[in-house]
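Q: The annotation N-linked glycosylation site is assigned in Swiss-Prot to 148, 164, 181, 324 on the grounds of sequence analysis. The signal peptide annotation in Swiss-Prot covers 1-17.
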């Protein structure tokens, strides 16, 4: 059965948003062990190809292990992507985790290759913050163009790669008036969400945390829109944050975002805030950006702490990192957006210090599970192919049967027509025979009468002959009238027989049509039942969450201890996470799920 993986990236940096959830005492869930560590690093290192090249990179300042911090993670098939914001000493900003292991952990390989790590002429990938993989196997990369978190090196861009070929499909350079706040001149693109309806009709939402704006990119016409709202601004009350008991200051606006596949709501929070907001994206799909069309909603101060990373499950459960709690919280969007409807699904002060990235995965991390998923998918496809072939054979058999019935009907009609023709011929011959016989008898009668008349007086004979002629004419007319009536009756009988035969033919055709309609309805019902079964199987698929965690305050203060683990990628089954929580399925959710599927 296909599963999804929720990828949570935890950095040794403290996140700033914690929900108002609290861990219930006597809870049967072991929150400390609810997520499994997949990868971990003391520091990030790269596969340079040889020790000589690594030493040369270190001596030139191209690589400095103290300046490399993971910021986002995603997975496609066997590749796990990791982004590293560009600082001096970062050799590559977009990478995949290799099979090679160094002193710090798994080595990173630049994606697609080392040539794209060259940023000085702005032709490569300068500084990748967030990435997203859509359902059409495309990798979207948000390149801020900023190095050292402050210096604009190149114009911000969107890079799009085909993951099947690792070839770039598109590179979109953002206009300056879109990328920065015109009033303050500030700008910093740090987060993106991709909404792909089809390969052309795709929308990308980007968060500008320094310029307090939401940028919308329409792939169909390559247009940009910069949206502003006070819900994007940071809250002055929360610019001083706490992480693992240490405080730091940040004045960042809209940051973490998540898109609901069920309601099309885009959920977001400013980094320096404890509020949760959302906007419905349907107006954006229609290119309606007016104030009357776009409505921003949400609840202020709904969290107990700041929240950075957010992700949405396919069933409408929002997961969010809780900075000062070293935890991950949840809320089911089928419930009212209230503090009491939120809950905590994972908490660990060692492995979940600050969750800076989370992803939902279509496939589990295990290769064995991947193979099982592919085998199940192939078996389902083969079963559907076999059923389609059987349906086609059944239709062909029915068509052959109908052809045979049509041939039999035509032969029956021809036989009936032949019989009618023969009957008509025989009737005609009988009529002629009767007429000949009657004529012969009339002639004999007349001869007899003539003989008798010879013995009679001529006058009497003449009178008698006149009377007889008149009688003969009357008899002949009566005979003709009788024959005409018989012919009319025969014709009426034949017409009645033909009408009855036509009625029988029409009845037979109607019966065949009714049978075919019933068969078609049964076929449609069978196909519908198969689709329903497939939909039920899809709804029953598991999801896996993957998270990236690190110590945020260490990142800001640049005082990591690289002799201990600082960065971790963790994973967990979503159903296991939300089990026995307020975020589990409800009747309201099931009803909304059915409406969404319809």
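Every residue gets a Cβ built from N, Cα and C, even glycine.
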Q: Report the member of 148, 164, 324 (the glycosylation sites) whose C-beta atom has the most other C-beta atoms within 10 angstroms.
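A: The most densely surrounded of these glycosylation sites is 324.
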Q: Taking just the CA atoms, what is the gap between residue 164 (N-linked glycosylation site) and residue 324 (N-linked glycosylation site) in Å?
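A: Residue 164 (N-linked glycosylation site) to residue 324 (N-linked glycosylation site), Cα-Cα distance: 40 Å.
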Q: In whole Å, note down how far the CA of residue 148 (N-linked glycosylation site) lies from the CA of residue 324 (N-linked glycosylation site).
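A: If we compare the Cα positions of residue 324 (N-linked glycosylation site) and residue 148 (N-linked glycosylation site), the gap is 26 Å.
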Q: Taking only the Cα atoms, work out how far residue 181 (N-linked glycosylation site) lies from residue 148 (N-linked glycosylation site), in Å, as a whole number.
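A: Given the Cα positions, residue 181 (N-linked glycosylation site) is 20 Å from residue 148 (N-linked glycosylation site).
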Q: Residue 181 (N-linked glycosylation site) has how many other Cβ neighbours within 10 Å of its own Cβ?
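A: Within a 10 Å radius of the Cβ of residue 181 (N-linked glycosylation site) lie 18 other Cβ atoms.
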